[in-house]
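Written out below as structure tokens is the structure these notes cover.
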Amino acid sequence: MNPEYDYLFKLLLIGDSGVGKSCLLLRFADDTYTESYISTIGVDFKIRTIELDGKTIKLQIWDTAGQERFRTITSSYYRGAHGIIVVYDVTDQESYANVKQWLQEIDRYASENVNKLLVGNKSDLTTKKVVDNTTAKEFADSLGVPFLETSAKNATNVEQAFMTMAAEIKKRMGPGAASGGERPNLKIDSTPVKPASGGCC
């Protein structure tokens, strides 16, 4: 058994461009925040190790580009994911409306029993908020998916979002899945990244 961790979970952040996926990842992995917006090109990832119920869990969190032109690259990353976090911007009605489309992408590309979490980001922008918490919560409940509102800027619920996801995956896997059980499926495909070098600047 690898002494460094008991579990390795691969998580995926998806959602429209500009909803704050990269900011959530930066806040959780590095506890930093930046106001400057640089759109993710293709796929990026960070790793953070957490403790949960006395177990060490290594989270490999993949941040995907929201733009349509990267969809063929990012879709290949759904396959090995244990958990997928769908992010929308509480100040952007369109990003919330598109959640259904993102959920369809999960159904199309991810494994059948993948864990899902719905996150409404930018909750600090209270005066600009257009997506009601109750509406989103009812929608998430109808799907049986956990829901949280977060703010990467002031760190509200960011830790909780990733910890919730890790706990849900661990619960689904059960005690017998530690270490060896899931790891063979976690070989990361390097091939899908190659199209990114094909001139989409």
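Each residue, glycine too, has its Cβ placed from N, Cα and C.
As written in Swiss-Prot, here are the features:
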MOD_RES   MET1  N-acetylmethionine
BINDING   17-23, 33-36, 39-40, GLY66, 121-122, ASP124, 151-153  GTP binding site
BINDING   SER22, THR40, ASP63  Mg(2+) binding site
MOTIF     30-45  motif 'Switch 1'
REGION    64-83  region 'Switch 2 region'
MOTIF     65-80  motif 'Switch 2'
REGION    174-201  region 'Disordered'
LIPID     CYS200  S-geranylgeranyl cysteine
LIPID     CYS201  S-geranylgeranyl cysteine
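Known features from Swiss-Prot, placed on the structure.
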residue	record	CB count, 10 Å
SER17	GTP binding site	14
GLY20	GTP binding site	26
SER22	Mg(2+) binding site	22
CYS23	GTP binding site	23
GLU35	GTP binding site	6
THR40	GTP binding site	18
ASP63	Mg(2+) binding site	25
LYS122	GTP binding site	25
ALA152	GTP binding site	27
> If the Mg(2+) site is taken as the center of the Cβ atoms of SER22, THR40, ASP63, which further residues of that chain fall within 8 Å of it by their Cβ?
Replying inline: LEU13, LYS21, LEU25, ASP44, THR64, ALA65
> Expressed to the nearest Å, what is the distance separating LYS122 (GTP binding site) and SER22 (Mg(2+) binding site) at their Cα atoms?
Replying inline: 12
>> I'm trying to understand the geometry here, so how far is the Cα atom of GLU35 (GTP binding site) from the Cα atom of SER22 (Mg(2+) binding site), in Å to the nearest whole number?
In response: 11
